[in-house]
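What follows is a single structure, written as C-alpha cells, with notes after it.
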Amino acid sequence: MLMMGSSSVLIAFLPGYNYWGYYSIILLVVFRIMQGIGMGAELPNSLSLLNEKLRGYKASKYFSIIGISFPIGTIVASLSINFISIIFTETQINDWAWRLIFLFGGCVAFIIFYARKIILNNIEQEDRRTVARELFGTLRKQVLQIILMVGIIFVPGSLIIQAFFYISYFISEKAISSEFVYFSFSLSLIVMIFSIIFFGYIAEYIGKVKTLAISFIAVSIIAIPLFEMAINPSEIKILMFFIIQKIFVGCMIACYLPLVVEVFPTSISTTASAISYNFAAILASLTPSLLLVLIHELGYSSVGYFYMTITIIGVFFLFFLSKMVSK
C-alpha cells in the first residue's frame, strides 16, 4: 500500500516533459512500475490475510468482496475522469488538473495502509517467519501446482485484458460510437460486480473447483459464437458481447481467489499465490499482441477458437490441481 500510495503522490507532483525532458518519462515509468509491484503484492497479502481469518468458513462468499475491487475501482476511475472533465476545461486538465486524480488515489492508499495496520493488530496470526532456505525449499515442491494455477488464472485474466482490445477495435475498426462502447463496457463492469457476489455464494454450495470448471466448459462452448458477434457488430451485439464475458469472468474470479491461497501450504501461501497471480497477469497482458497476430494470420474467427482452447486446457489444469491437492 505504501508503494502504491507514494508512487501515486510522486506522479501527481512529477514535473512535466517541458521541465525535465526525458527524465520525466523515465520517472513516470518507474513510478508506474512501483504501482504495479504494490498491486502485485497487495492482492496476495489480502487473500492470505482473509484466508487465515476465515479458516475456510464461507471463503468464496467473503473472497468475492476482494474480487469486486477491480470492477469497482475501474468504475470509480472512470467517474473520476468524468468528474474532472466536468469541473475543469480541457486545457486545465492537460496542464495540471489530471494530477488531482493521482493525488486523491495516493491519499486513499495511505488511509487504507493505516486501516490495514489496525486490522492486523486485531487479528491473531501464526508466526510464519521461515528461513529463506526453508521457504524456497517448500516452493520448489509446489512448482507444478504454481504452473497449474498460473494457467487457471490466465483464463479470466486474458478475458479481462482482451476487453480493452475490443474497445479500441469497435471504435477504430468498426466506427462504433465511443460513447456507446464505453457505456457498454461500464455496464458490463456493474454486471461483473453482481456476478462475483452471486457466484461467490453459489460456490459455497457447489464447490469452488466444480463451479470454476463449469464456467470454463460454458465459455469453451460459447466462445466461437460469442467472438463471431464482434466481426459484424451492432450496438446490441456489443452490449451482449461485454456483458456475457463479464458474467463468466465474475464467476471465475469468485472461484479462483479463495482457491489460489487454499491449494498451497500456509507457510508459503502468500508467496506462492503472488507468484501465480503475477505470472498469470504478465502472460495475460500479452493477450492484445497475441490477438493481433492471430487476427492477422488466421482472421477474426480465430479469437473464438483461441478462447475455446485455453478454457478446455483450464479444465484439465483444474482436474490435475484438484487431484494433487486432495492427496
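Placed from the backbone N, Cα and C atoms, the Cβ positions cover glycine too.
Sequence annotations record features per position, and here TrEMBL assigns domain 'Major facilitator superfamily (MFS) profile' to 1-326. Mean per-residue pLDDT, taken over the domain 'Major facilitator superfamily (MFS) profile' (1-326), amounts to 81.
According to TrEMBL, the transmembrane segment annotation covers 20-41 (among others).
What TrEMBL lists as transmembrane segment is 62-84 (among others). Among residues of the same chain six or more beyond the transmembrane segment (62-84), those with a C-beta under 8 A of the stretch's C-beta atoms are 43, 46-47, 50, 54, 93, 97-98, 100-101, 104, 160, 182, 186, 189-190, 192-193, 196-197, 199-201, 246, 250, 253-254, 257-258.
Annotation source TrEMBL lists transmembrane segment at 96-115 (among others).
The feature transmembrane segment is assigned by TrEMBL to 143-168 (among others).
With a threshold of 8 Å between CB atoms, the same-chain residues lying at least 6 positions outside the transmembrane segment (180-202) that come near it are 60-64, 67-68, 71-72, 74-75, 78, 163, 167, 170-171, 211, 215, 235, 238-239, 241-243, 245-251, 253-255. If you look up TrEMBL, you'll see 180-202 (among others) marked as transmembrane segment.
The transmembrane segment annotation in TrEMBL covers 209-227 (among others). Tertiary neighbourhood of the transmembrane segment (209-227): same-chain residues 152, 155, 159, 199, 202-203, 241, 244-245, 248, 251-252, 254-256, 259, 300-301, 303-305, 307-308, 311-312, 314-315, 318-319, 321-322, selected by CB-CB distance under 8 Å and a gap of 6+ residues from either end.
Here TrEMBL flags 239-264 (among others) as transmembrane segment.
Under the heading transmembrane segment, TrEMBL lists 276-296 (among others). Sequence-remote contacts of a segment are chain residues at least 6 beyond its ends whose Cβ falls under 8 Å from one of its Cβ atoms, and for the transmembrane segment (276-296) they are 40, 43-44, 146, 149-154, 157-158, 160-162, 164-165, 260, 302-303, 306.
The annotation transmembrane segment is assigned in TrEMBL to 302-321 (among others).
For the transmembrane segment (20-41), same-chain residues at least 6 beyond its ends with a Cβ under 8 Å from one of its own Cβ atoms are 1-4, 6-8, 10-11, 14, 274, 277-278, 281.
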